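**Student:** One structure is given below, represented as structure tokens, and several questions about it will come after.
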Amino acid sequence: MKKKTVLTILKKKQSGEKITMLTCYDYVTAKLISSQDIDVLLVGDSLGNVKLGYENTLSVTVDDMIYHTKSVKRGNDGALLITDMPFMSYEITVEDAVKNAARIVKEGGAEAVKVEGGIEIVDRVKAISDAKVPIVGHLGLTPQSINKFGGFKVQGRTEEERGRLIADAEALEKTGAFAVVLEAVPEQLAKEVTERLKIPTIGIGSGRYCDGQVLVVDDMLGMFTDFTPKFVKKYAEIGEMVRTAVKNYIDEVKKGQFPREENTYK
């Protein structure tokens, strides 16, 4: 596939062509997804939920992100590869932020990083961008702030929240972010932010007017069933297919129906 870059994504904003993004955490899935010419693979810290079985994303480490990014990198064919910076990898000091972003790029092979937050982290965003690491912002429902917000809640419904989100988005753009993810933001607010910014917005549960869309791959394939957000559309029921296949395998082994002659060596 033709290689996508940051410039590719920026040009799609200008042309009005929608940007496509999915999360990805491993080599095999990266091969499958990128074979369909997707624009962006995001190694999300959502791997804490869907791959590591954590209750939330807060326990995910930089080493976790590097490990999974390396796996995705080996399977990726052409997509821009972005990796989340996990909780407390950029909040404490600017130096930590740059150091950890550099590790994710140098050791993991990511081509950009993503951070959650607005005006309160713009010094980190600028420092990472100045260090020649492309960076994406993330506003609205920010899973790393679950304890601050008291759970996973739609953000931007009050006038105060609306004004803050717009200011945050503009601050991220001004300090070097090349795109912003908007999660669980009311559709009309996401539309307004998209129209105000020169950089692309990528929506997840934020309506139809963002410049692109992203979903957690395990959600849209029907593999992760612990919880399904309202905004998810399931394009397959892979989880049910796996359960059926495993049941059939167990039954055939117990009945002596597998392996058959064609599955043996002579």
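Any Cβ shown, glycine's included, is placed from N, Cα and C.
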**Student:** Using only what Swiss-Prot says about 3-methyl-2-oxobutanoate binding by D45, S46, K114, identify which of D77, D84, D168 is listed for that site too.
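**Tutor:** According to Swiss-Prot, the candidate sharing the 3-methyl-2-oxobutanoate site with D45, S46, K114 is D84.
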**Student:** Give me the non-local Cβ neighbours of E116 (Mg(2+) binding site): same chain, 6+ apart in sequence, Cβ-Cβ under 8 Å, ordered along the sequence.
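**Tutor:** In sequence order, the residues whose Cβ lies under 8 Å from that of E116 (Mg(2+) binding site) (at least 6 apart) are G137, H138, L139, T142, P143, Q144, S145.
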**Student:** Using a Cβ-Cβ cut-off under 8 angstroms and a sequence gap of six or more, which residues of the chain neighbour E183 (active site, proton acceptor)?
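**Tutor:** Same-chain residues close to E183 (active site, proton acceptor) (Cβ under 8 Å, separated by 6 or more) are H138, L139, G140, L141, T142, Q155, G203, I204, G205, S206.
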**Student:** Check the DSSP secondary structure of E183 (active site, proton acceptor), expressed as helix, strand or coil.
**Tutor:** strand
**Student:** List the other residues in this chain whose Cβ sits within 8 Å of the Cβ centroid of the Mg(2+) site residues D45, D84, E116, in sequence order.
**Tutor:** G44, S46, T57, V60, M85, P86, F87, K114, V115, H138, P143, Q144
